[in-house]
Amino acid sequence: MTQVAKKILVTCALPYANGSIHLGHMLEHIQADVWVRYQRMRGHEVNFICADDAHGTPIMLKAQQLGITPEQMIGEMRHEHQTDFAGFNISYDNYHSTHSDENRELSELIYTRLKENGFIKNRTISQLYDPEKGMFLPDRFVKGTCPKCKSADQYGDNCEVCGATYSPTELIEPKSVVSGATPVMRDSEHFFFDLPSFSEMLQAWTRSGALQEQVANKMQEWFESGLQQWDISRDAPYFGFEIPNAPGKYFYVWLDAPIGYMGSFKNLCDKRGDTTSFEEYWKKDSDAELYHFIGKDIVYFHSLFWPAMLEGSNFRKPTNLFVHGYVTVNGAKMSKSRGTFIKASTWLNHFDADSLRYYYTAKLSSRIDDIDLNLEDFVQRVNADIVNKVVNLASRNAGFINKRFDGVLAAELADPQLYKTFTDAAAAIGEAWESREFGKAIREIMALADVANRYVDEQAPWVVAKQEGRDADLQAICSMGINLFRVLMTYLKPVLPTLSERVEAFLNCELSWEGIQQPLLGHKINAFKALYNRIDMKQVEALVDASKEEVKAAAAPVTGPLADSPIQETITFDDFAKVDLRVALIENAGFVEGSDKLLRLTLDLGGEKRNVFSGIRSAYPDPRALIGRQTVMVANLAPRKMRFGVSEGMVMAAGPGGKDIFLLSPDDGAKPGQQVK
């Protein structure tokens, strides 16, 4: 019976735009992609979207460290992330960024609606402030002991051990991650989302039965401990969206990050010229289904704040959250020193994407359990399942069909009942894919693969091929094997997209869920080519070694201008305003007798002359080349008496020194004496 086509919007949590994608990230994106591909095979309309989470202090500070703008950094990181996901065949319809016009407009819209509906509160709070860096410290830039479970080295917004959320001021023995200093308290006005007003709605949503049991149980604990108002603002300096009518105040990254789901979908609709789907999918009474695949570390934000924000701004809530656990490697947390902290791009340099997709899928269930990537078991399972059980089934039969029957399959099935057993399994396997019991689906498929190989073993086509007068039997046996292989690969298509493409080319037909009800009879297949290569532990060793080398390279001293000359301590605007910078014309320039470093410059400030000694001789061996050039000088620097005379200011130059000194010059049109602002 044909299913009624559903409209489904699927998202993965947004990767943060300050680091590379690693195998921990890939678990979620593979899980979601397998589910999405299955839904598409069943004829549903699926929009699969994601974006980079591109705001926050960490991005601002890292960009400063790299000597580039935050916009440049997040642009480069987004390209890298998209490349990695494409390499793993994650079939996104759109991959966007939270730093976008769509996201700004939607963030402001949701905030405005929440404010108009009375869900935004203002109050002055005491915040942790780094006295050495001169900045308020965001949650993730304070670490200390969790006030709930007493676990050490936890961030200032939530505990990675017990999952609790709290204010940074509640941390025990807090330290600034930026400088290591002990923060002090400073007052600042902040904006709060009134989460407790949605307690009744959230509890009803929890009791609806849609959420995973572990998620619902955890939410109940949070309800019992009482919901708190949520601070949604951050003080400048901050890379993000400024709050409307609140200069110097910015949306906290966790407010605009989930709105990024909406922003990415809006961007997709706009690119398609679709003016109706955004409203259709996000309106309060939408019939479309909305699913978020997320890790267990961000359940609090997605199960409480996000649905409450949507409810308070008159948008629909998620249909469900699909939560997964963490990834360990060889039974332990991913380790850079052991080479098991593996980037997605590094993996693809040593293995194909289908291998990891298969291994993760074989271990996943609908529960929030951690997944262990045991690299030795990985090699054994991929070889045993994909190579020996599935691909080998095709190679054992295709040769006879190609050589003896010109690639044409038999006109009838040798064992219709066996074929029916395979196609009847579609319901159970489909239900396993649907309910995200992926490991169960793989077990059932591999059990069928064992049956198929046992059939070939018993029929022994290599023996039949040598017996005269049994050509029809040989064709029937091998055609049966090929048809069983086709069914198996149809069931595996959501997991193994690259292998599936090769199989479709070999079988000369599309692998479709409904199509297996009609076996391939009298059908011509193409010549068999190797579909999948066996893997070995040498590849694993090379992968681990490469990961270790990447860590060494990353840990090497940073080079470049910022490494050689780090940015100085933050100053106030009032401090900066004391420095009077002026355009100056170099009227004369010459050597200083008795000094091999200095040049004597005579500067015209538009009516006033200054005499300045500058240590730029090594870069300008012919001082006459400077005459007539304009530069910038500090005009209000106290005169300095030197043995060569009095220096009445300082000219501005860049560079590390020696021959690499570069005198700064204003743009064309600037006039001597004009102030640099």
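Placed from the backbone N, Cα and C atoms, the Cβ positions cover glycine too.
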Of the residue ranges 333-337, 363-367, 628-632, which one carries the motif ''KMSKS' region' annotation in Swiss-Prot? 333-337
Of 15-25, 81-91, 103-113, 433-443, the range Swiss-Prot tags as motif ''HIGH' region' is 15-25
Measuring Cα to Cα, how many Å separate CYS149 (Zn(2+) binding site) from LYS336 (ATP binding site)? 27
Neighbouring C-beta atoms (10 Å sphere around the C-beta of CYS162 (Zn(2+) binding site)): 13
Within a 10 Å radius of its Cβ, which of these binding-site residues (CYS146, CYS149, CYS159) has the fewest neighbouring Cβ atoms? CYS149
Using DSSP and collapsing to three states, where does CYS162 (Zn(2+) binding site) fall: helix, strand or coil? coil
Please report the DSSP secondary structure of CYS149 (Zn(2+) binding site), reduced to three states. coil
Write out, in the order they occur in the sequence, the residues of the chain not among CYS146, CYS149, CYS159, CYS162 that have a C-beta within 8 Å of the mean position of the C-beta atoms of the recorded Zn(2+) site. PRO147, LYS148, LYS150, SER151, GLN154, GLU160, VAL161, GLY163, ALA164
